[in-house]
Amino acid sequence: MTNIRKSHPLIKIINHSFIDLPTPSNISSWWNFGSLLGICLILQILTGLFLAMHYTSDTTTAFSSVTHICRDVNYGWIIRYLHANGASMFFICLFIHVGRGLYYGSYTFLETWNIGIILLFTVMATAFMGYVLPWGQMSFWGATVITNLLSAIPYIGTTLVEWIWGGFSVDKATLTRFFAFHFILPFIITALVIVHLLFLHETGSNNPSGIPSDMDKIPFHPYYTIKDILGLLLLVLLLLTLVLFSPDLLGDPDNYTPANPLSTPPHIKPEWYFLFAYAILRSIPNKLGGVLALILSILILALIPTLHMSKQRSMMFRPLSQCVFWLLVADLLTLTWIGGQPVEHPYVIIGQLASILYFSLILIFMPLASTIENNLLKW
């Protein structure tokens, strides 16, 4: 009799995905973040479910329902802060996961990469809508500013914005539909994650050297399950430290003031994980131009496989490309810092220069470095 793990129609799918999966023997800790993202998604769905049991999506009671969760519900405060800071952990893992894909050339798995980009957009949309739900000042004005960007679309812009709002301003209808979308999107994300994994397991994982590793594969369990558990423990340690010692570290104090359409906060800014894109948006004086730059700042990832000029897949043995990559990381950190600063000198010019550098590094310097390295190989 064969093992049920290998014969049962359902269990064998799990077996081929997480147990007997042939995995390269040399993948480093940068490959941990895929499983960590899965854990983050499960955590967000579970904490979100329990929050939804007590939350009311009505403009008059939304803010007080969040206060009620934190004060009156058993362990409500920890569920709320796990959910809020869990989103930050999710994005940290996401950025590292995408950065790993960039560095080691994982984008040559086209289907996996493209589903990943769709996932990134979906997660960003979900996080944005989640930020609106507590109905504080930053929630309300963030929703107003970001949804208003769609009015830059020619002809249909204004109609589209009012259609999304469900009225002539961000109000009860907006909050209700945002809650509905925020609830359903994580399940769509889960479905996309399954497709993402399906495409990945068609080709097998990449590895740091970027060369095929079919002749040197090891089973995923126990080697990488143990390795992933270590990553998980470190993630949980970081998350719990944040939640239990400084839960509001990454939040905005303005969101502890109930939403007031008559009073605009001095600095409207999104959560930290959107600041780089917000800085790119603000660096262009034209509204439509800013919106296009904002979308392109993420969509440019879809061009990366086309821009790959190198004869080698990974950047492991390409020092010039490594320099460009780390410049890009530094530039993104600069943009994140600028996005949180007021619109005044010298922040405006720094933001504009960092935005130009961001697109230049990806579109010009990365292919250029690859071409130079190709020529150096001939010597």
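A Cβ is built for glycine as well, from the same backbone N, Cα and C atoms used for every other residue.
According to DSSP, His182 (heme b b562 binding site) is assigned to a helical segment. Residues within less than 8 Å, Cβ to Cβ, of His182 (heme b b562 binding site) and separated from it by at least 6 positions along the same chain comprise Gly48, Thr126, Met129, Gly130, Leu133. The heme b b562 binding site annotation in Swiss-Prot covers His83, His182.
The heme b b566 binding site annotation in Swiss-Prot covers His97, His196 and is backed by similarity to another entry. Using a 10 Å radius centred on the Cβ of His97 (heme b b566 binding site) and all shown protein chains, the other Cβ atoms total 21.
Under the DSSP three-state reduction, His201 (ubiquinone binding site) is assigned to helix. There are 14 other CB atoms within 10 A of the CB of His201 (ubiquinone binding site), with all protein chains counted. Marked as ubiquinone binding site by Swiss-Prot on the basis of similarity to another entry: His201.
Taken from Swiss-Prot, the feature transmembrane segment covers 33-53 (among others), and the record attributes it to similarity to another entry.
According to Swiss-Prot, the feature transmembrane segment maps to 77-98 (among others).
The feature transmembrane segment is assigned by Swiss-Prot to 113-133 (among others).
Summarising the annotation, Swiss-Prot assigns transmembrane segment to 178-198 (among others) and lists similarity to another entry as the type of evidence.
What Swiss-Prot lists as transmembrane segment is 226-246 (among others), and the listing cites similarity to another entry.
Feature annotation from Swiss-Prot assigns transmembrane segment to 288-308 (among others); the stated evidence is similarity to another entry.
Summarising the annotation, Swiss-Prot assigns transmembrane segment to 320-340 (among others).
According to Swiss-Prot, the transmembrane segment annotation covers 347-367 (among others).
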Taking all protein chains shown into account, the Cβ-based neighbour count within 10 Å for His196 (heme b b566 binding site) is 21
Open item on the list: Taking contact to mean 3 or more CB pairs closer than 8 A (sequence separation of 6 or more), are the transmembrane segment (226-246) and the transmembrane segment (77-98) in contact?
Closed with: yes
Excluding its own, the Cβ atoms lying within 10 Å of the Cβ of His83 (heme b b562 binding site) add up to 21
Under a three-state DSSP reduction, the secondary structure at His196 (heme b b566 binding site) is helix
The transmembrane segment (178-198) and the transmembrane segment (320-340) contact flag, 3+ Cβ pairs under 8 angstroms:
no
**Asked** So, does the transmembrane segment (288-308) come close enough to the transmembrane segment (347-367) to give 3+ Cβ pairs below 8 Å, pairs being at least 6 apart in sequence?
**Response** yes
For the transmembrane segment (33-53), the candidate among 77-98, 113-133, 288-308, 320-340 having the most Cβ pairs under 8 Å is 77-98
